[in-house]
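Peer 1: Structure in structure tokens, see below.
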Amino acid sequence: MAMANLARRKGYAVVLSSRSSLCLTRWRGFASGSDENDVVVIGGGPGGYVAAIKAAQLGLKTTCIEKRGTLGGTCLNVGCIPSKALLHSSHMYHEAKHAFANHGVKFSSVEVALPAMMGQKDKAVSNLTQGIDGLFQKNKVTYVKGYGKLVSPSEISVDTTEGENTVVKGKHIIIATGSDVKSLPGVTIDEKKIVSSTGALALSEIPKKLVVIGAGYIGLEMGSVWGRIGSEVTVVEFASEIVPTMDADIRKQFQRSLEKQGMKFKLKTKVVGVDTSGDGVKLTVEPSAGGEQTIIEADVVLVSAGRTPFTSGLNLDKIGVETDKLGRILVNERFSTNVSGVYAIGDVIPGPMLAHKAEEDGVACVEYLTGKVGHVDYDKVPGVVYTNPEVASVGKTEEQVKETGVEYRVGKFPFLANSRAKAIDNAEGLVKIIAEKETDKILGVHIMAPNAGELIHEAAIALQYDASSEDIARVCHAHPTMSEAVKEAAMATYDKPHSHLKSWLLLSSLVFIFVQEFTMTWR
């Protein structure tokens with residue numbers, strides 16, 4: 001960080017990432033008064049619209065091209081935002097039905113009004129897309145609705161939504177076209193019986209039986225939505241575990257929590273056949289390694305096998321932009337492709353396919369173009385599974401740290417010993433911190449809690465500034481708060497929990513967890 005600060009004072013741009021430790025470049029000026037754009041962004045998702053707005057704010061003549069007709073990309077229109085709206089609505093229903101009585105709130109009946117639930121989701125999406133439109137107008141970003149394809153490193157042919165064709169020119173072109181649903185061989189998505197995440201956000205009725213193919217973030221979130229409001233959910237996963245990138249300790253408790261909620265898992269299982277000829281769907285499955293086949297029946301099947309970069313029709317090969325075998329555009333630490341003047345950010349390049357990562361890419365790319373300071377460190381991008389409880393992480397898992405050979409220490413603290421969690425009767429989960437043994441530098445933090453997605457950012461800041469577990473432990477945290485569990489886990493990492501009382505609570509909680517695990521194993 002000291003070197004980066006020195007570079008800033010000298011007038012250099014700085015890009016920090018896992019791909020390169022430090023990159024410097026002098027400020028570059030731009031001509032004004034020309035009809036040609038300084039920056040043209042293809043794609044109006046989180047990476048694209050943020051890059052466009054940032055470029056305009058820095059004084060660049062900017063145009064953004066978006067084929068969907070509404071800004072926000074997959075995230076805002078058919079991803080992050082609508083799914084979180086449904087997750088919250090379904091959680092409220094589940095709480096009303098199963099938890100309110102414990103708090104003295106009773107009523108005779110509760111039911112799901114699915115049209116109203118969908119209406120709330122659509123309202124949230126509409127308000128936010130209109131908000132981005134307003135930001136474009138405020139910052140004087142030219143918005144072209146249509147499908148853009150490269151005809152040269154400085155020209156984009158656009159088939160507009162009005163049926164016309166126009167050519168947009170730019171000194172610098174940023175490709176931010178995002179990603180699309182990854183298909184499965186032999187499983188055809190019709191968005192009726194067999195749906196993608198897009199279709200799962202718009203079902204007209206609650207399926208009695210829902211099968212989710214894929215136990216990743218999206219599949220588990222959408223399975224949770226429909227499971228909470230009445231669907232019998234079965235998750236089919238080819239791998240031996242859910243969310244393979246998750247820390248093993250957290251994963252174990254997370255799966256147990258989902259199973260307690262009624263979600264069923266068929267791990268090490270692959271789909272080998274699909275029959276949609278009847279009223280529902282019949283899936284033929286077998287062990288991933290081969291073996292006896294069985295049939296799973298469902299009303300709706302959700303295909304959630306990941307996402308793939310969306311680059312088809314961009315004419316990348318025509319202008320010579322290099323991609324890897326997965327279709328991702330290859331860029332350097334400055335987001336430059338091998339073609340001068342052409343850049344790429346977000347899901348179309350290597351790195352986690354996350355909206356917030358794309359936003360950071362967009363800002364850093366534009367800041368580089370104007371000689372300002374930009375940075376993205378892919379090793380410190382937080383990730384969240386927005387189920388209940390939520391699971392959030394930043395940095396390395398314990399398994400990844402082991403692979404490096406670095407000696408480390410682990411501190412854990414369960415929410416069963418957290419005063420606020422007990423007060424609100426929602427004490428499931430824990431905080432786990434991994435720190436280097438010699439320096440106490442935090443290497444990874446993993447949280448399972450009702451609000452893990454909010455709590456994780458204390459850890460994200462700590463990792464960004466190379467903090468130690470003692471640094472977190474010595475910060476005064478308000479009492480009673482869920483965030484105290486982060487402090488206690490930090491104390492457990494470098495020393496011990498704060499007080500004898502909390503040590504006793506911790507011991508009691510660990511005994512309780514052990515009994516739970518033993519009982520479930522015995523059953």
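Using the three backbone atoms N, Cα and C, a Cβ is placed for every residue, glycine included.
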Peer 1: For the NAD(+) site, Swiss-Prot lists GLY214, ALA215, GLY216, TYR217, ILE218, GLY219, LEU220, GLU221, GLU237, VAL271; sort out which one of GLY178, GLY291, GLY306 goes with them.
Peer 2: GLY306
Peer 1: Given the binding-site residues GLY214, LEU220, GLU237, GLY306, find the one whose Cα is closest in space to the Cα of ASP347 (FAD binding site).
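Peer 2: Comparing Cα positions, the closest of these binding-site residues turns out to be GLY306.
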Peer 1: Between THR177 (FAD binding site) and CYS80 (disulfide bond), find the distance joining the two CA atoms and give it rounded to the nearest Å.
Peer 2: 16
Peer 1: Determine, using Cα-Cα distances only, which of these recorded positions is closest to GLY216 (NAD(+) binding site): GLU66, GLY72, CYS80.
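Peer 2: So, of the listed recorded positions, the one sitting closest to GLY216 (NAD(+) binding site) is CYS80.
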Peer 1: What is the nearest of the recorded positions GLY214, ILE218, HIS479 to CYS80 (disulfide bond), using the Cα of each?
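Peer 2: Looking at Cα distances from CYS80 (disulfide bond), the smallest one goes to ILE218.
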Peer 1: Quick one: largest C-alpha distance among GLY214, ALA215, GLY216, TYR217, ILE218, GLY219, LEU220, GLU221, GLU237, VAL271, GLY306, binding NAD(+) per the record, in angstrom?
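Peer 2: So the binding residues stretch over 21 Å, Cα to Cα.
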